[in-house]
């Protein structure tokens, strides 16, 4: 184990997702049993004492791969030299808050973090945004980090992707490992479009295996799109462990690559593919290799799918307009 440690920053590190995420990172879930990890943990001042308690627990695990932990509230210090930044912390929507209020509150956070990453992160940095509204938070951070290539920013739609795989597996009786080429299009919101028309179940077209358009429209899509709300209703708190697991999955596949016979969903900056307006951070089917992603090309988009994609990307365009008017980008 002679490899130099990967410096990984996690924001909102004392939060619920952070609590699930840090122990997975430290145990080797990201890059396997041979690559040490150095954790750089960012929190707001009032949460630093709680974060110290989490670090005590990390110490008590005696993880062989955890080479060091640094905590603080200054992104300029915490992001210094990091090669992977997982931006988990975000202002949750409170009672009486409009979506514009949420965008404004998070805008200040992601503006500051984008500028700090631009100033001090490693040249090879990759930035994954989990904190919601993730797509537009990623857009704000990206815009405020002009020296970092735009393709180094991604927002998390892997949780939606994993949810879609799970629902399709349950419907068809297949193992989750039998399902390939699932796609999430658009925003990480209730307008997202989980698309199984290109997916495969044990090598066969998923839509043909299901053979039930009503189930696709009335059950599959809304169940995936509204799963977060269903978990809040059941658990009394938002999904945290599953979001952390998806954050690991997304970062691992980004850094290590996707299998030859599969793709994943990532929200990345649009180049105009599939009619998604250029510059929006929207979810696409992508393959990854060597730390770089490529949008899967040449997929046929039928009229039903077109309408769903357009609805979600219109929401993203509205969010972009809102943060532009707020002077955040």
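Every residue gets a Cβ built from N, Cα and C, even glycine.
Not measured: the values here are computed from a predicted model.
Cβ neighbours within 10 Å of residue 188 (active site, proton acceptor), excluding its own Cβ and spanning all shown chains: 31. If you look up Swiss-Prot, you'll see 188 marked as active site, proton acceptor, on the strength of sequence analysis.
Residues or ranges marked as NAD(+) binding site in Swiss-Prot (evidence: sequence analysis): 12, 13, 14, 15, 16, 17, 18, 106, 113, 130, 131, 132. Close to residue 131 (NAD(+) binding site) in the fold, though at least 6 residues off in sequence, lie 11, 12, 87, 88, 89, 90, 106, 109, 110, 137, each with a CB less than 8 Å from its CB.
For residue 93 (substrate binding site), the count of additional Cβ atoms within 10 Å of its Cβ stands at 15 [all protein chains shown]. If you look up Swiss-Prot, you'll see 93, 99, 132, 163 marked as substrate binding site, on the strength of sequence analysis.
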*Please find which two of 12, 13, 14, 15, 16, 17, 18, 106, 113, 130, 131, 132 have the most distant C-alpha atoms, given that the record lists them as binding NAD(+), and give only that distance in angstrom, rounded to a whole number.*
20
*Hey, how far is residue 14 (NAD(+) binding site) from residue 132 (substrate binding site), Cα to Cα, in Å?*
16
*Distance from residue 163 (substrate binding site) back to residue 113 (NAD(+) binding site), taken between C-alpha atoms, in Å*: 29
_Please report the Cα separation of residue 163 (substrate binding site) and residue 18 (NAD(+) binding site) in Å, rounded to an integer._
20
*Could you tell me which three-state DSSP class residue 99 (substrate binding site) falls into?*
helix
